[in-house]
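Q: Here's the feature list from TrEMBL:
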type: ACT_SITE; residues: B:193; note: active site, nucleophile
type: BINDING; residues: B:156, B:182, B:193, B:280, B:404, B:409; note: substrate binding site
């Protein structure tokens, strides 16, 4: 069902010097699945992360935030699927800490230098015996797994693994950017998404990386939604190993910093869009652009109202140009002083609504032609200012209901 | 598909002295359907209304608000289905005014004494020739139609007509309360819902009725949601004809006022719940109670987050006690300082989550037993205060997708 998304080619995913990967099939929830991933990170790397704003944030998210705050330098990530370790109270925190302690022991680092991530069912406890056996196995294989393995090892209801890679020339040197993401449902990231990991061998000072990670999340993972459900476990991590020491960013103001930032951002947008393309039951990839807003926040409110409307989403699934539903969503987005007579609506290149009413020249056939496409852009102009934003989303199909009604995902 | 909802018995719907009804089959969108309703209201009646907060509010909503503000006394309502007259710009306003003028002319009243309501597809113009012919016909039949006819005449994607009636004894006199409602999709009323009309023969001063209508809407139509989509045309109207002159409410502080208010409110809650019971594709009727909140607003935020979550709703459709999804919704509801360790979650009478984690005694079979019911109560305690609210909603089923993907409703 994924929209224009294929399994990444392993040969096109460049390893990142300074990151070693290992996985295990630990039977956390289901047998014979890669469900534990370990990434060992070289000494001296910078690591920054952003996490879910869900107040029911999972135990591993709480441990990650605490460990990043300690500033001891992150030396490993450990990820499990099958169980989110969320809604698990004190026991959940203890399980997450036990996991980091186990990894730390095997790698001879401090437990506070390990970040832990879980994804899967909420309100269930981790099977610690199987998880710790998986950790042992994954550590013993460190360096043997590829980024494609990593993408596989973090999947839950995803139908396809998601990985992206690019090599950019900066200061005449090749710099690698490779990352993986996962997610298909419970997707309306708020600061980050349900697991995105991106690494580069550039050297980036921790303070800069922290700032950049927030900005990049806002332009990528924080601009996608599938069902409006913000996960308890969203996490997005950028690792800069510094192994390509010729390309160092100390302040972010260096002339070459922009090239590094842009490559990180472009890779992140592709990883975020891959989640939408693989959205549960998705048959369409929809870009919602809101322009002429008084603020970016206001543009985002309108874009998300459209992107979350079940009526808009089912109309896209049906390829039905029932476009009044989009205007209704604009109207209830929460802009109290919105003047409907200033609104323009475009579907693809077709001008559908002019000054708040049906454009006199608009023909249903024109809307139908755009609706038949697999990738569709909705563009709304609010006539209130010059700010804009873009959100990516999917339609709402029978398969979305089946996936979420028939499986305990 | 409706959940515990039947066609009302005509014999149990008491006429309200002072309101005469007439309908027509005007072929607004489809042939052979009751799609135009006229209610003539006696001189001296009080009429109050609340309307959608959608900023893309339809032309008829704008005309209603203007006419109510004039204070000339409302003498008639005219309703059409099949076309919402929303997203129709200046022409839409002109069409709405032409409709009120036509009714006014036929009834020999002022056009500003007529309220006009439309419901149906957005972004299309009214077929004025057929509508005005229907108005003629409906007026010619005034007094011959029943409240059940009225309920039929305002249906769109509703599978069943919705009407409720009660006779209460107040000051030893019988007082009648009869109303109709419609709506099945695009339901997340914000001030009122997509067409609710309630009449009583009690006498209620206009200022009191205005205040009561807001309070009653907040406790009934403003506490239901099917898909979170706030319509462009929501309208809720209460008519007090005063024909039962022995029961007069002048200030609202009279000892007998509470009985009148309570009957209006109880009837409104039943009419609002009927919309949820007939929600598009509904297989469950779900009551979401949020307690121990610091404010009613905060309780409502949490209740709506749960009620709108596609993941929660598909789990209910599947009768799957995947209850971590409810906790996730509580977490992203927008309470910044929520402490997850103070949250209690009950499904029916079963205590599922204690202090933010799975209750140690909770067994999946217990959750499953409640999930198998057609009417389910979710109760969340926030541990933050003593305010509470209740929202009624449905599950999200395959039929919801079919109804909204396969039909231009």
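Using the three backbone atoms N, Cα and C, a Cβ is placed for every residue, glycine included.
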Q: What does DSSP call residue B:280 (substrate binding site) in the simple three-state scheme?
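A: Looking at the DSSP assignment, residue B:280 (substrate binding site) belongs to neither helix nor strand, so coil.
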Q: Are there binding-site residues in B:156, B:182, B:280, B:404 whose CB lies under 8 Å from a CB of chain A, and which ones?
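A: Checking chain A against the binding-site residues, the residues within range (Cβ-Cβ under 8 Å) are B:404.
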Q: What's the most sparsely packed of the binding-site residues B:156, B:404, counting other C-beta atoms within 10 A?
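A: Comparing Cβ neighbour counts within 10 Å for the binding-site residues B:156, B:404 gives B:156.
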Q: Which residues, sitting 6 or more apart from residue B:280 (substrate binding site) on the same chain, put a CB under 8 Å from its CB?
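A: Long-range Cβ contacts: B:157, B:184, B:185, B:226, B:227, B:394, B:399, B:400, B:403, B:404.
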